[in-house]
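What TrEMBL annotates here:
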| type | residues | note |
| --- | --- | --- |
| ACT_SITE | Thr169 | active site, nucleophile |
| BINDING | Arg196, Val197, Gly198, Asp199, Thr218, Gly219, His220, Gly221 | substrate binding site |
Amino acid sequence: MVKIKIICHGGAWSIPDKAKEKSLEGIRRSASAGIEVLKNCGKSEDAVVAAVSAMENDPIFNAGHGASLTRDGTVELDSMIMRGRDYAIGAVAALRNVKNACQVAQQVLASEHTLIVGQGATEFAKEKGFEIVDDSELVTPYEKAALEKIRNYGTGVESIFKAGDAHDTVGAVAFDGDGFACCTSTGGVTFKRPGRVGDSPLAGSGGYADGGAACSTTGHGEGITKALLAHRVVWGCGADQTRASKAVDDALDFMKTEIGSQGGAICLTRASYGVGFNTKRMPWCYISFDTETEEEEILFGIEPESLQQRENPEITVIEH
């Protein structure tokens, strides 16, 4: 029996009620895009890029079209992809004028580099044939309003996040029956300083993969970076691959207790999947497919109650 599988998250933050249904729809589309790649014998790295691209193209999420704005009103994107079998990494940070940062990161993965930033990242994307677009094609009315609210009321980035209003990262983790890959993408925090880079493009923080597991994280970027959250989750999976969610919970507890930051994470091992968050909400979706029996399992949620499925997979919490 060979199970191919993918798990996706749409960011751990205080998602408003009006965005809940669209977030659930978007995360299920994302996971479906990824599992289709795996069903067609695609590799894990291609599956996570397909899944994350779907979220980058969906304005309900903070990545690509719909990303948060810097204090100057511009869009700067961060993304990374990591392949577990050979520890290969591709990442971009402070990328401007490109719709799909994760696809550029995949091109970096195929190059001799691991991380390209700023104008150099945009030039790299242009060399690889990506369309260079104006910020107006990435900015949404929601993000314009969010930026103006901060400008008018003078709320700092740190207080915004602690209040649970940060519009956060997206990510995916996949297993193709042979190896793992993870991908994370974000527009960062609204009103961030131009050039600010959070955890998302940093291997070990925003994502990490090895031969036995992979993880993508979301939440307070500086805190995740200090905690090396993704690596902490993957390391925690090493002791018992059947308890991936415990590894997630332990890592999130460490970050909250020792650093004072909140967030969420998803991970896969060969034997299990893990998902957890300590923010108000986080959309997530897990799909596995048995290549012999063609049996498919789909689990998803956005509320903390949806995490009951982790220990009781026969319980399917349908959220409306």
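Just so it is clear, glycine is given a Cβ too, placed from its N, Cα and C backbone atoms.
Mapped onto this structure are the features recorded in TrEMBL.
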| residue | record | CB count, 10 Å |
| --- | --- | --- |
| Thr169 | active site, nucleophile | 35 |
| Arg196 | substrate binding site | 18 |
| Val197 | substrate binding site | 19 |
| Gly198 | substrate binding site | 23 |
| Asp199 | substrate binding site | 30 |
| Thr218 | substrate binding site | 32 |
| Gly219 | substrate binding site | 30 |
| His220 | substrate binding site | 28 |
| Gly221 | substrate binding site | 29 |
Check: Taking the Cα atoms as reference points, how far is Gly221 (substrate binding site) from the residue listed as 'active site, nucleophile' in Å?
Finding: 9
Check: Hey, does DSSP put Gly221 (substrate binding site) in a helix, a strand, or just coil?
Finding: helix
Item checked: Integer Cα-Cα distance in angstrom, Arg196 (substrate binding site) to the residue listed as 'active site, nucleophile' -> 15
Next item on the list: Compute all pairwise C-alpha distances among Arg196, Val197, Gly198, Asp199, Thr218, Gly219, His220, Gly221, the residues listed as binding substrate, and give the largest one in whole angstrom.
Entry: 16
Check: Could you tell me the C-alpha distance between Thr218 (substrate binding site) and the residue listed as 'active site, nucleophile' in angstrom, no decimals?
Finding: 5
Item checked: Rounded Cα-Cα span from Thr169 (active site, nucleophile) to Gly198 (substrate binding site), Å -> 10
Next item on the list: Measuring CA to CA, name the entry from the binding-site residues Val197, Asp199, Gly219, His220 that ends up nearest the residue listed as 'active site, nucleophile'.
Entry: Gly219
